[in-house]
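Residues or ranges marked as NADP(+) binding site by TrEMBL: A:Arg48, A:Arg54. Positions annotated as FMN binding site by TrEMBL: A:Arg131, A:Ser132, A:Ser133, A:Asn243, A:Ala244, A:Gly288, A:Lys303, A:Pro304, A:Thr305, A:Ser306, A:Ser307, A:Arg329.
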There are 4 protein chains.
Amino acid sequence: MSFNSFGHLFRVTTYGESHGVALGCVIDGCPPRLPISEAMIQGFLDRRKPGQSRFTTQRREPDTVRILSGVMADEASGQLLTTGTPIHLMIENVDQRSKDYGEIKDKYRPGHADYAYDIKYGIRDYRGGGRSSARETAARVAAGAVARQVLPGVTVRGALVQMGPHKIDRSRWDWEAVDANPFFCPDPVAAAFFEEYLDGVRKAGSSIGAVIEVVAEGVQPGLGAPIYGKLDSDLAAAMMSINAVKGVEIGDGFAAAELGGEANADEMRMGNDGRPLFLSNHAGGILGGISTGQPVVVRFAVKPTSSILQERRTVDRYGRDTDIVTKGRHDPCVGIRAVPVGEAMMACVLADHLLRHRGQVGTPAAWPFEA
Amino acid sequence: MSFNSFGHLFRVTTYGESHGVALGCVIDGCPPRLPISEAMIQGFLDRRKPGQSRFTTQRREPDTVRILSGVMADEASGQLLTTGTPIHLMIENVDQRSKDYGEIKDKYRPGHADYAYDIKYGIRDYRGGGRSSARETAARVAAGAVARQVLPGVTVRGALVQMGPHKIDRSRWDWEAVDANPFFCPDPVAAAFFEEYLDGVRKAGSSIGAVIEVVAEGVQPGLGAPIYGKLDSDLAAAMMSINAVKGVEIGDGFAAAELGGEANADEMRMGNDGRPLFLSNHAGGILGGISTGQPVVVRFAVKPTSSILQERRTVDRYGRDTDIVTKGRHDPCVGIRAVPVGEAMMACVLADHLLRHRGQVGTPAAWPFEA
Amino acid sequence: MSFNSFGHLFRVTTYGESHGVALGCVIDGCPPRLPISEAMIQGFLDRRKPGQSRFTTQRREPDTVRILSGVMADEASGQLLTTGTPIHLMIENVDQRSKDYGEIKDKYRPGHADYAYDIKYGIRDYRGGGRSSARETAARVAAGAVARQVLPGVTVRGALVQMGPHKIDRSRWDWEAVDANPFFCPDPVAAAFFEEYLDGVRKAGSSIGAVIEVVAEGVQPGLGAPIYGKLDSDLAAAMMSINAVKGVEIGDGFAAAELGGEANADEMRMGNDGRPLFLSNHAGGILGGISTGQPVVVRFAVKPTSSILQERRTVDRYGRDTDIVTKGRHDPCVGIRAVPVGEAMMACVLADHLLRHRGQVGTPAAWPFEA
Amino acid sequence: MSFNSFGHLFRVTTYGESHGVALGCVIDGCPPRLPISEAMIQGFLDRRKPGQSRFTTQRREPDTVRILSGVMADEASGQLLTTGTPIHLMIENVDQRSKDYGEIKDKYRPGHADYAYDIKYGIRDYRGGGRSSARETAARVAAGAVARQVLPGVTVRGALVQMGPHKIDRSRWDWEAVDANPFFCPDPVAAAFFEEYLDGVRKAGSSIGAVIEVVAEGVQPGLGAPIYGKLDSDLAAAMMSINAVKGVEIGDGFAAAELGGEANADEMRMGNDGRPLFLSNHAGGILGGISTGQPVVVRFAVKPTSSILQERRTVDRYGRDTDIVTKGRHDPCVGIRAVPVGEAMMACVLADHLLRHRGQVGTPAAWPFEA
């Protein structure tokens, strides 16, 4: 058991606070002889980095990652290879703006973890939210970059599919569009609208929620295990562990509750390659907790940023009523930067389950099972 | 790591197949000197038991539980007390109807785990769904009954709040009504409607999904831990591990994505008892992954039963196209019997987190923290 | 984390008390499609069974094992095959002699766990030692029988190599002899001596310690992992968890402390099969926590049975000084029956590490590594 | 599961290679509000530091520790306090002497982990032994310093009690002497002899083994748990995970195998303080896997350093016979520096078990149990 680790065979432990010296992760169990590099990991971190547009916090963090252990340079190519020992990825904090924390030091910001940490531990690092800050997710993104190397042939991609009450038009879904707007939005029309919409939210000193969808294609069938090691169960835990997430769905999710059995069933037919084919994907690629080879589809709801410029009622550490306005540099829609984080969690969970499956089952049985 | 266990300090391992000799669970880590009895556990099992109404499977299982280890009778009272050693609860299978499994032995039922188990293991117990049958949840309910003993002062209750597209009217919510209808529905008017509605579904040989809500009141603040031991993260994993569940929400859940920051923030004021009070509960009792003392509110979506009398297209173990009709005794709305299961999972997760919190923190700091 | 489980991918959870209804284990993570049977497991249990000779407890337990889950009969052969789901092995207690436990109910037997359990839990099942009884090891032996199926080509054998101060003559080591005497002793001459010696101990109402050696041959190189998943670290934990064990050695063990570096180094040369060969095995088959392909050699020391007929001073639950004589049916040398238990633990640890290695590394690199 | 972590509630994950950028550990689960400081941790690191005398490696590492997360300065005192979040302790490598690794890059040093790592992973960091170097133990010592803060009233001390075949005279045992000689030897006469003896070993280009004893006094009764969470089982795993350790004993250890039951039993009498008292400590403070309140006594055997100046036969990565002399800066008796490491492991295991006990049992029952 570990409070700050996730995964079992591919296991990630993170540490660090928002305004501490450094944050990072130790990846334990990564298979040996996989190529990784700081540049490759940096590419993923840069997607999550703050200060990329006026729609994310203006904190300026380079988020430069260093690989401090677990690799060895290949003699011929110079390429770093994993060695099977723990990989430590560290990001030093740079822009911990020197400021007066008087307000949030003693007052509990509604919607934030301030009160919860104090009631649990009786002490908390209030600077920038400390351990509860979304800054911790940088370490996840770094780990996710390594996890992807464990998953050759698998594509993990995320997108913002709803902002506030506004859903995208899925018929316009274009993966190419995702990196062409500051929202990771696959619908260019919606993206244009979100620009205007979020400007309004921002200027009003408010914030707004969002829904993120992450899709993994090329996932080998057989990952996941009954009953408490189900792939969807671990994905739900992983996504719900992301800051501000309040809901998780697999495949049709809550919409499945409205369906009848015949509509919900994903029928099968033999494909041209001699392997079974599903005719739909209501299940989101998972049946009985085990991947079927279809795309694995997860969605999660992100609540609006709690740090807003509008005054709210609260109490302080002295047990007194008070009010609070949370100034500072905040994302008006924290859901946006959750997209690369959701991808990273998907990659980590899949990598872990691949190793677990390989361990328990080893050589799979031949298809078709009866001949 | 363990595929068939959940929890850490209060740890439950289940075993057993639908048509095997027996199923049950081993509870490890239960505190000593707690009173438990077969009768008390049986009460909870009886709520989940099949064959209670025409709306659940007609399989007739007494689901009689026996306590095989981990207890000692108090000399004076004769009351069984836990001893701190593993508690084995066993339920023998009785009504494994002797029948021909020819159809489902070789064919993959759409929406079922049949194909997934075969592709993973190359072998499966097809009788009644084997390990993937919802019969396994009887073991969870038994474990949940013990977990409740670990949680004095905590009330854990569940209810069906939506069947198909039909949501209950929350203004009519009455906990007393829940056990007065065969749906665990807290809205008597909706319950009356569901009776007619589900009869139609059943007669059409179809099935329908549902949404379940579980609420825990009296939960001590401080349970849960950053970052990957968050209470909501573990609840999401627990609920998603229940058969047919496709989505999980905490508090406002997906609706939070539509809110602005000022609407979503649960403001605080000092209460008359000198302790902080929340003025709303959008967060569902959890902030930063830690319980706040408010009611913990979880909802989960259950897909429609996949076993239906309508013919669906599929393939078989020989790699051939075929069609299937799933005869047998099935729940038209498997969500109904998920209510006591959801309660049990909530109780187990809370018990586990209570022990974990007690272990790490021991004596909590005094409130108010500054004086 | 789990108090009553061991292993990670091949994970065994045991339950049950000496005089409870039943004891057994749940094996989680066993690979699918392995043949197991009650008869095969029974064979191993019969070696450990009490009442086999006058040198073991006269309690008469058939120790009949039943497989209650996790298997499916192969249609053609009828042979039970594992399915990848949890395997529950149960042994019902039969000979819980109805007797007055007055003495040990309130008094703490020196050398026993009585006091320790009370001081920890404030309650204990005193009947026959409850959970702390060596009866629990029957469940381990059953699990070990399954573990052996995970290890094709591996031979795991144990032997008693010392009784009291008397060591066997290793030059007479004969594995065939082990099952030809009631002591699992590989030295027939020593076995003959032990018969007389132990009779003396038994008649004096005393007991005596022993040293057990377990050897695994055919172990694949590469099992184990730095730093806290070392194969020897897990073997040490496994053996030390056996009742009455007070010491564990790998290879030369404590004798290695007396050696110089050149004597201790196991030199290497290329073998005729083109693979490296060690010229000695001081290391006991493990270097840096990882198996090298040599025989894995473990020894453990078992203290004398604490239940003796000689009066000892102690205290009772009322806080009073008292004296105690432990009557009943006890092994004069509990080390004897620890031999099959040690074998079982070795098999379980190796099975677990095989799956873990397969998970992390998958396809090993080719030898020689440079060409 | 985690290869590079140990402990459950007090959980330590280490990373780093001998000649990498840095090494360190992440401590997860440490209780909040405990005072720690870099100076306090440094004190323990300095005891283990290389280059302290001519009897340890002449590598010059300052081993300066930095606390990078998990603490917050108390406003009034400036004292760092733990916050309950993960504590990252990092030690940067400084003296990775730039040299030619040609010899050990391709050749397998007998007794070292070189071959084992290659056969497992197909790749290894050969520089200074990489992950298998005893340098990793610096991270353990740092973690142990924090663990001690979790254990108020507990004294953990270690000593070298045997070098090669030479045992100390226990009647001369003086804890004060331990830090007054370069061997952590509690017998001043033996220490003087070891100085001469080890000089001879060193000058001969050889090395020698040792036995270390670690004693914890003031340990609360009740720590440890049946059956696989036994305190002695975890201590055995912890000590066996230390580099070069080949054997572990609790209390009398292997000597217990030679005893009769009446000699081995630790009798009890009521003490003057109204609590039970043991009249001897053959058990080493642990019965049934649970601490009894007596001193916890562990011994472990350390094999001689494998890096010696005498030529040994071996093979290389190309599958060729060759010979090797291991030059460089090595400890002639690696057991010496294992003393602070053994203490650290004892402290970590006890801290973990204290938290686990507190979690499961909470308020212990009152003594005497019957009144």
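Placement of Cβ uses the backbone N, Cα and C atoms for every residue, glycine included.
A TrEMBL annotation is a machine prediction, not a hand-curated record.
Location within the structure of each feature annotated in TrEMBL.
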residue: A:Arg48; record: NADP(+) binding site; Cβ neighbours (10 Å): 24
residue: A:Arg54; record: NADP(+) binding site; Cβ neighbours (10 Å): 12
residue: A:Arg131; record: FMN binding site; Cβ neighbours (10 Å): 28
residue: A:Ser133; record: FMN binding site; Cβ neighbours (10 Å): 21
residue: A:Ala244; record: FMN binding site; Cβ neighbours (10 Å): 24
residue: A:Lys303; record: FMN binding site; Cβ neighbours (10 Å): 31
residue: A:Thr305; record: FMN binding site; Cβ neighbours (10 Å): 27
residue: A:Ser307; record: FMN binding site; Cβ neighbours (10 Å): 25
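Proximity to chain B (Cβ-Cβ distance under 8 Å) holds for the following binding-site residues out of A:Arg48, A:Arg54, A:Arg131, A:Ser133: A:Arg131. Cα of A:Ser307 (FMN binding site) to Cα of A:Arg54 (NADP(+) binding site): a distance of 16 Å. Checking the binding-site residues A:Arg54, A:Arg131, A:Ala244 against chain D with a Cβ-Cβ cut-off under 8 Å leaves A:Arg131, in sequence order.
For the pair formed by A:Ser133 (FMN binding site) and A:Arg48 (NADP(+) binding site), distance between Cα atoms is given as 14 Å, rounded to the nearest Å. Cα-Cα distance from A:Arg131 (FMN binding site) to A:Arg48 (NADP(+) binding site): 18 Å (rounded to the nearest whole number).
If you take the Cα of A:Lys303 (FMN binding site) and the Cα of A:Arg54 (NADP(+) binding site), they are about 19 angstrom apart, rounded to a whole number. In the three-state DSSP classification, A:Arg131 (FMN binding site) falls within a helix.
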